């Protein structure tokens, strides 16, 4: 009989506040869901490995979590849509882009065309377009209304580091009845803006200006003299920006918007035009590290700049009046200095003011010192321009969010204060995660509480709700355990101390200097009355639990507390890395630095077995519940299973791609045949389960994006908890399905084959696109597994529907001689749809962003069948817009073959006639609607003529050009 195993599935992940792979967004609290109470401090959107988290900054509560179960890619970029703040664009490391709805927590639109991680995302001011820049050096402009890619811009030689749409005034229309360049619009109406230009920077040190109407590069400049450009910040008026590179150098640029308008209207002439982008000067930051981000305040004149250190520098932009006064003072000081030196300066006109330098406009304001290295900084609570305080949200690399409040220059001026501006850390989100990597995990006896310890912090979690119950300060923890009763947690630290913590009172009971060096491991005796610790000082010490009575100071009462009393000591010749009791308490196994494992009798401490075989030190050991097997894992990437009867090695297998950090049997299995199930966790980020009897791998559990440092298995093996370098704690639980070894191996081979197939298809498509270093505009295309699946489904639908259509047409032509066709069972199972309805349903199920890539899967031999169905769709008005899009793309993709073969003339003529009839009908509908709207407008003006709202007399548009006549710029 084939054996089955319980299947483990990822259930939840917690402990992560913000990861270093992406930026952080601030949003006002008014956009939270109705169930979340508004607190006024706003909320933050952060990346948590493959998920996006929304935090309430004031309460530190997790509001929502967005994660696509089908994707394991890391979140690399976040961007918020200004017209619709509930739409958040998220870029991933596999090149995918997903737009999430913050209210429903669902994906609205998904794109996938980048061949590298998405580094930058930006919406336009109307929220209808999205520009994305990737690590693959490409810039793609997406149309959010049609859910398609408009084009791909190529020209940069390295990853994109900055993107911004440029707002330019809309050039007004010219009067058709005069030769003058007259603006015939109403002089009182608000000026309109358009965003037809895109500004980009790259690691190749270039800054480029792109025209999005006739997609091409308008200008290219060298942004940084240091060789790389890492940040781009555009001011709120859109006429200046700052670029930053590897060092403290910030280059300030001006952007001539009027020249851009003339360039767009063709009024610049054929002569040599002036550059739109002009370098104005260089600023120097205080920090010498690489600049990561430059951010202008959306309402006030401040700029936030930060690198990878623990500081955010705030620059202030002087007003024109301040600049004028500053230049006057500089001129006065220059004259006084010359007079003191006896020199004579040339006379200057009083009304002439020299052009200000960059240092005269941008002045250092303050430096905010953060609690960790800054990964992202975003202005919070922009409010109005009259605010007396500023707020900035900083996400640091040590897994926390900090909100800083600083006094504005306006408030300092009004109070006549000469003190430098102060900043305070007003709020923080930090309790829901560790500041550094978790090194040890421990589960309580009832598997309800989880203790996780890192360097300086011990946290106790409710495993069911994933909430942090206690946070305690501790030493640099290396090992931990819950003591019997689950009220006390015992920690071993790197300094050799044993620390006892009371969970209920959140206090440190006692700190014992137990060893002279780091305590690498500890284990509680199966009887629960003692504990043994192993250290780098080459000794293992045995400690007994005693209850002692102590007097309460100032009273006559006494209180009882736990005390550890040393009873025995076992000295070895090498450092002890791990130790473990056998469940029957008969044996004690220890691993040492000499790559060996020594097994002693617990009572006499006499050597029983020595296990040799590993090539590098054994990092962890575990003994099965029946005390018959012992498993060891090592830095040599191997796991070995030994028999405890004679110390023979049953099996040694290459388990992981990196050092195996933890190995564990199920402590108290419910089923007897699960007593030899083994789990291993490694620095390659993978958790695996093994059959200790058959020596075969059962499951491979991917999920972590960094090294797994610690693992804990629940009492009956229902739950496994792992902690990783990616700051996450992941829980793996038993699901409803079963695992069969052959099926699991087949599934792994299928995944490998599908990934290889999609990669080969994409490589072929990339070769067809040409050299990526060419400055050109190409179509955005990428073959993925989803597009391959969609194309195969369409191919299958055509194979079923086309013969059915031909048989139906033959029967309709000769109903007396040809019997009714026998339909395929698939059509009967789907409810007997017509062939064209089946093909249309298959086309509609393909996402619009993947439709072109899916159509490329079709071979040329299937085009006649598809064109036949498209003509039917046009004639019957069944989604003619979709039919025209498919027809147009197929004509573009296969034009050369269609011309050379000449066999599709009849099908194409049929499509041409049917589509022409559809277009003619649509024109009639549009004309009818326009005429109806004009009649409704006339009726509305007639009704409002007597109300005083509008002037009832019709005036010609050009009758009074003299009023409000304005020359175009």
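Glycine is treated like the rest: Cβ placed from N, Cα and C.
Here the structure is a predicted model, which means the values were calculated and not measured.
Lifted from TrEMBL, the feature list:
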- 83-110: repeat 'WD' (REPEAT)
- 111-152: repeat 'WD' (REPEAT)
- 196-220: repeat 'WD' (REPEAT)
- 328-353: region 'Disordered' (REGION)
- 431-471: repeat 'WD' (REPEAT)
- 512-543: repeat 'WD' (REPEAT)
- 611-652: repeat 'WD' (REPEAT)
- 653-700: repeat 'WD' (REPEAT)
- 701-734: repeat 'WD' (REPEAT)
- 835-935: domain 'Small-subunit processome Utp12' (DOMAIN)
- 854-874: transmembrane segment (TRANSMEM)
- 945-969: region 'Disordered' (REGION)
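Beyond the ends of the transmembrane segment (854-874), by six or more residues, the same chain brings 765, 781, 783, 787-788, 790-792, 794-795, 798, 801-802, 805, 835-836, 839-840, 846, 880, 882-884, 886-887, 889-890, 893-894, 897-898, 903-904, 907-908, 910-911, 914-915, 917-918 to within a C-beta distance below 8 angstroms of the stretch. Taking every recorded stretch in 111-152, 196-220, 512-543, 611-652, 701-734 and counting its Cβ pairs under 8 Å to the repeat 'WD' (431-471), the highest total belongs to 701-734. Remote same-chain partners of the repeat 'WD' (611-652), defined as residues 6 or more beyond its termini with a Cβ less than 8 Å from a stretch Cβ, comprise 577-584, 586-587, 589, 591-599, 658-669, 675-676, 678, 680, 682, 690, 692, 695. Within the same chain, residues 131, 133, 137, 139, 141, 150-151, 153, 155-166, 168, 226-232, 234, 241, 243, 245, 253, 255, 260, 263-264, 275-277, 775, 777 sit at least 6 positions outside the repeat 'WD' (196-220) and bring their C-beta atoms closer than 8 Å to a C-beta of that stretch. Restricting the average to the repeat 'WD' (701-734) gives a pLDDT of 94.
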